[in-house]
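Following: one structure in structure tokens, then a few remarks.
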Amino acid sequence: MVAVQQLLQDGRFPHGGLAAHHHLAALPHAASAPLRSPLQNHKTLLREGGGAQPGRCQPCEPKTGAPPALHLRGGSGGRGAATPSQARLGSAQPSPAQPTAPSAASPSPAEPRSEHTAAAGHGAAILSPPPSLHDSQTPGSIPPPASPPLPIPASLPAQPRSASRRRRRCTPPAASSSARSGSAPGPVLPFPSLPFPSPSPPPLSLPSSSSSSSSSSARPGGKMAAAECDVIMAAPEGAGEPESEEEEARREAESFKEQGNAYYAKKDYNEAYNYYTKAIDTCPNNASYYGNRAATLMMLGRFREALGDAQQSVRLDDSFVRGHLREGKCHLSLGNAMAASRCFQRVLELDHKNTQAQQELKNASTVLEYEKIAEVDFEKRDFRKVVFCMDRALEFAPACHRFKILKAECLALLGRYPEAQSVASDILRMDSTNADALYVRGLCLYYEDCIEKAVQFFVQALRMAPDHEKACLACRNAKALKAKKEDGNKAFKEGNYKLAYELYTEALGIDPNNIKTNAKLYCNRGTVNSKLRKLEEAIDDCTNAVKLDDTYIKAYLRRAQCYMDTEQYEDAVRDYEKVYQTEKTKEHKQLLKNAQVELKKSKRKDYYKILGVDKNASEDEIKKAYRKRALMHHPDRHSGASAEVQKEEEKKFKEVGEAFTILSDPKKKARYDSGQDLEEDGLNMGDFDANNIFKAFFGGPGGFSFEASGPGNFFFQFG
């Protein structure tokens with residue numbers, strides 16, 4: 001038999017791999033061999049702890065200048081050391097020069113080639129043991145030339161210690177089945193075959209993978225090799241390791257979920273969202289994780305994102321009741337009542353006693369009903385009722401932009417511009433490209449007579465949605481209205497009042513819903529009518545203006561002036577009072593005072609009107625008027641008339657004398673013209689005697705007489 005020392009010197013065992021005596025420990029032996037081989041003597045020395053002696057096998061040490069032995073992590077009995085179950089013996093490969101007959105105990109070709117693995121990292125080399133040395137070999141026989149040693153490839157990286165500490169992801173269903181296939185990764189690197197002849201060894205009994213202790217005790221030296229080996233014999237990355245990684249990932253994901261639940265209970269929804277996201281990243285095929293994150297997003301008001309998570313949860317598990325329920329709630333909050341109804345019906349299919357789904361199904365039906373009513377009322381231009389319906393629907397669908405847009409549009413059409421702008425601005429803060437919100441924002445500016453800014457919003461809305469019909473129509477109307485109004489103003493400044501009147505009338509027919517702009521157009525046309533001395537038409541135009549906008553001061557002032565010109569002083573005072581209450585300026589106060597004076601004057605006797613003269617009449621004109629009126633209404637002239645006529649003429653005759661008395665005196669006339677109360681100045685007109693004035697004016701007693709010469713005929717005689 002060839003000496004073991006000679007084999008080591010010839011390099012027939014790989015000096016760069018395991019220690020020599022460990023290779024020897026892996027060799028199979030005949031359990032019933034009567035003779036002790038040199039290998040057995042060598043093992044006895046190792047077991048007894050004896051030193052090197054001449055003629056015996058020496059402990060395997062690398063020769064001087066040889067590559068150092070491969071030492072992996074761990075040591076004998078340390079962390080990660082090989083156990084008997086980890087160092088299992090695989091099928092032995094016979095050398096070409098020594099064929100062996102198949103045995104019932106031999107492994108079949110379908111079995112793994114070897115499980116004897118060195119812990120050298122991922123894809124560790126699987127080493128086959130050398131052919132067995134039979135006891136009948138002659139110790140002194142000369143071996144054939146040695147084969148070159150086979151080094152372990154350097155491309156196999158060492159496995160880091162912290163590999164089990166890194167985060168793992170749950171294996172997807174497809175990957176899980178492949179991980180359990182049991183295929184051994186990595187190449188199989190056999191020992192170099194020993195070409196010297198030897199008799200066929202006895203059949204080798206393979207150890208069972210289920211009993212590691214029996215496999216180690218079945219071969220001589222098995223326990224010694226496992227106990228004293230410097231190389232850590234790690235288990236191969238086969239069927240068991242991916243399963244453990246998946247379990248570890250699941251435990252980690254569950255930990256994240258529990259932390260998310262704790263933050264959710266504290267109403268810290270942002271942190272809960274973060275931990276649910278970590279759980280999903282770790283194990284992305286768990287429906288409950290998506291359901292929990294959907295619930296968190298709903299509490300944060302992010303219903304569209306929550307809808308995506310809820311839909312993913314039911315895709316992973318179609319029987320997930322809470323997932324369907326949350327999907328329905330998200331649809332309902334976003335205003336999709338039909339889709340919400342389908343989700344709630346699915347919940348009732350899975351759990352027909354689910355009271356929450358029953359109630360939510362009723363809520364979805366209510367939203368559909370309000371939506372239908374609002375559509376009909378909008379066509380009827382009953383905008384107040386539309387606002388009411390949308391307010392009720394938004395109680396169940398708070399995140400529905402469609403309902404908010406319809407409400408904002410109706411508020412704008414009702415002239416409630418600040419409310420409409422607030423709703424549209426809220427939507428634009430969340431979605432700056434929402435064409436409907438841009439249209440409503442421009443509509444508010446358009447109705448507030450900010451036409452240039454309104455056109456900018458309409459154009460922006462058309463960029464986002466070129467087929468937006470309402471924005472297109474509003475933009476066209478705004479441009480036409482602006483052009484007509486500017487042309488009318490130009491004609492008025494040029495004094496072409498008729499053309500200005502026509503242009504303002506055309507502008508009023510463009511958009512009857514534009515309240516503020518139309519109010520200004522009515523006022524402008526009223527001014528044109530006042531210039532054309534069409535005062536009654538001017539009053540009507542100003543009245544239409546204040547009906548559209550009861551805060552339009554300019555229309556009140558224009559109408560009050562028209563009332564003054566038509567001597568409708570009470571109406572004029574009412575308009576000036578409205579103006580002064582709104583804007584308390586000195587100018588408005590003076591206008592109100594003047595109207596009040598005229599009103600007071602209008603309630604007393606108009607002496608100028610009684611005499612039939614103008615307010616600027618001279619003294620001679622006043623005397624001539626008195627002479628004429630006194631003779632016309634003198635009682636003697638109507639002595640033959642009925643009692644009623646005589647009484648009326650007597651009253652007029654008295655008023656003529658009273659008017660002459662005031663207007664013929666410059667001081668009294670001045671006080672009268674200023675609106676002062678003559679009775680307060682000591683002028684009691686109740687004791688006035690018109691006959692005395694008449695006699696004084698016509699020369700005293702006998703100076704003037706009436707004589708009747710027949711029915712209807714009078715004779716006048718002046719002294």
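One-based numbering along the chain as shown.
Just so you know, glycine gets a Cβ as well, placed from its N, Cα and C.
Worth saying up front: this structure is predicted, and the values here are computed from it rather than measured.
TrEMBL annotations:
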type     : residues : note
COMPBIAS : 91-108   : compositional bias 'Low complexity'
COMPBIAS : 141-154  : compositional bias 'Pro residues'
COMPBIAS : 171-186  : compositional bias 'Low complexity'
COMPBIAS : 187-205  : compositional bias 'Pro residues'
COMPBIAS : 206-217  : compositional bias 'Low complexity'
COMPBIAS : 248-257  : compositional bias 'Basic and acidic residues'
REPEAT   : 253-286  : repeat 'TPR'
REPEAT   : 435-468  : repeat 'TPR'
REPEAT   : 481-514  : repeat 'TPR'
REPEAT   : 553-586  : repeat 'TPR'
DOMAIN   : 606-676  : domain 'J'
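Helix, strand and coil content of the domain 'J' (606-676), in residues and according to DSSP, is 53 helix, 0 strand, 18 coil. Per DSSP, the secondary structure of the repeat 'TPR' (253-286) breaks down as 27 helix, 0 strand, 7 coil.
Note on the repeat 'TPR' (553-586): DSSP counts are 28 helix, 0 strand, 6 coil. Away from its own ends, the repeat 'TPR' (435-468) comes close to residues 401-402, 405, 408-409, 412-413, 415, 417, 420-421, 423-425, 427-428, 474-475, 478-479, 481-482, 513-517, 520 of its chain (Cβ-Cβ under 8 Å, at least six residues beyond either end).
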